[in-house]
Amino acid sequence: MANTSTARATSAPASEAAPSGAQRAGGTGGRRPYGQGRPPVRERQGAAWVFLSPWVLGATVLTLLPMAVSLYLSFTDYNLFDPPSWVGLRNYTQMFTEDARLYRSVGNTLLYVFIAVPLQLALALAAALALKSMRRGRSFYRSAFYAPSLLGASMSIALVWRAIFNDGGTVDNLLSGVGVHIGGWVNQPGWALLSVALLTVWQFGAPMVIFLAGLQQIPQEMYEAAAVDGAGPWRKFASITLPMLSPVLFFNLVLQTIQAFQVFTPAFAISSGRGGPADSTLFYTLYLYERGFTSSHMGYASAMAWMLLLAIGIVTAVLFRTSKSWVFYANEEGG
Amino acid sequence: MSVTVLSSHHGRRRADRSHIALHIGALAVLAVLLYPLAWLVATSFKPADEVLASLALLPSRLATENYGTAAEGIEGVTLLQLFGNSLTISLGAVLGNVLSCSLAAYAFARLRFTMRGPLFAFMIATIMLPHHAVLIPQYIVFNQLGMVNTFWPMVLPKFLATDAFFVFLIVQFMRGLPRELDEAAKIDGCGPFRIFARVVLPLTRPALITTAIFTFIWTWNDFFTQLIYLFEPDKYTLTLALRTFVDTSSQSAYGPMFAMSVFALLPIVLFFLAFQRLLVEGMANSGLKG
């Protein structure tokens, strides 16, 4: 689970480009015979490449090369033992036209993302707002609410979840107590996915912490000025808090969406690794694991991995594109 | 002064009341959040016939035998060995990440080299890269190297700074350090290596600790990588041992399973209690600084 820093992805390279351009200019200056005060560019760069060498090696051998290889494998039939045999686009055509379970896994994953991410972020924002207005105990609650985010990815919690949402488990008992008889969520196709989504919601602490930090950066004078103008709490929230918080909201949205697309452990625990009941928790990653590692269709799984990469790329791009209309960056407006 | 107190008396009472409501709400949320943990600990002490059947949260007697059975481990591998395997992998990953990420971060934050901008952008992009895109070829490579069913596939990549998130975290921290310190060391005749080791690295300690703890917790919790690379019981980690319980349907296995789960969560809970401020602040800064 890569806990990531996506909001920076746009701003950081842009702010990086300027200094590096300036350095390149300075570098050519260094090569001139009269630029004697500095050691030659190549020598000064040597140290940088020494520091970078582990990263460069990792980025090439463990990231770029594997990506290229998996792209190649996606056009082959490969089972790890025999050499890969070229099948052209067959894996892709099979994915799009023949594989009903793949469609099911895409549907499940999207449904899960659409349920879990908005619920989690809404709860995180509400909790952050509540903690912001607390005079005492804020840092205690902040830490305590954050704890599930560290534990939630573990197999232990996934097993607890399975028991709590099982037939006769806590949730079933509570609901039966008020006359709602669902039975075990994890055994029923209509409810199993929701129980996984609730496990994600349970981990609202991480985005909450980021929201809270964002809230604390909003200048207090803005609220005071609004109060002088007679703005009520709703007006303040809609006109100050929400716009000022929108970059952080955007960051959390991208981050949690990307993570949600890759959910694996809880679905594996709830369904004994099979995506049941009736394929209702067959998430994309679970199906990819099944095709690649259980039934040794590495070529097909590679094609699936590339489609996931493409999907996450598209979703991120769409989020960035739409963000221009609702994310407000104070410094860009000169404010 | 007493006049002000009198005039604001009513307002303050209302404010107090809304604060009490806030605290009650926060405590209620806390109860729901902590319930699964309380349930886990309580269930780990329940006798076999109560584990799933009893509606009461607390066990009728403290059945410590669950922990005895859990200590025997699974398939001839003791709990201690499972714990040791998890610990080896996690500590290896911590060492790798702290070393390689701080080296790369120093270059990105302080040194000049061609293509720094594009390489930095590429590094940031790899943060968002889903692990699955590189999974199968990496598996093939480790398979060729004879490293499947060893700890290397979990540890080696960390020594090559593949967790770009931490490179970014440390870069952000280093950028916040005053450059005058570097300049002063440079004037004193220090090269980049001495500046890194003597000046920058000691000041970066908070970011390094954050990196170490997050790496430990994420590696400790990791399931997917261990699932595909480790298949013989003597290489199993706690997570994989718990996984073998997933298919079980026998009632008697549940008590020991949850006792083992408590064991698996213990290091994380201890780390959290010891370093909570650092962890929460590390998370808060990931979204804001820069």
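A Cβ is built for glycine as well, from the same backbone N, Cα and C atoms used for every other residue.
Annotated features in TrEMBL:
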type	residues	note
TRANSMEM	B:20-42	transmembrane segment
DOMAIN	B:83-275	domain 'ABC transmembrane type-1'
TRANSMEM	B:87-108	transmembrane segment
TRANSMEM	B:120-142	transmembrane segment
TRANSMEM	B:154-174	transmembrane segment
TRANSMEM	B:195-220	transmembrane segment
TRANSMEM	B:253-275	transmembrane segment
If we skip the immediate neighbours and take only residues 6+ beyond the ends of the transmembrane segment (B:195-220), which ones have a Cβ under 8 Å from one of its Cβ atoms? 86, 89-91, 93-94, 97-98, 101-103, 105-106, 110, 154, 158, 163, 166, 169-170, 172-174, 177, 181-182, 185-186, 239, 264, 267-268, 271, 275, 278-279, 281-282
Please check if the transmembrane segment (B:253-275) comes into contact with the transmembrane segment (B:20-42), where contact means 3 or more CB pairs closer than 8 Å and the residues in each pair are separated by 6 or more positions. yes
Are there residues at least six beyond either end of the transmembrane segment (B:87-108) with Cβ under 8 Å to its Cβ atoms? List them, or say none. 116, 119-120, 123, 151, 154-161, 163, 166-171, 173-174, 196, 200-201, 204, 208, 211-212, 215-216, 219-220, 226, 237
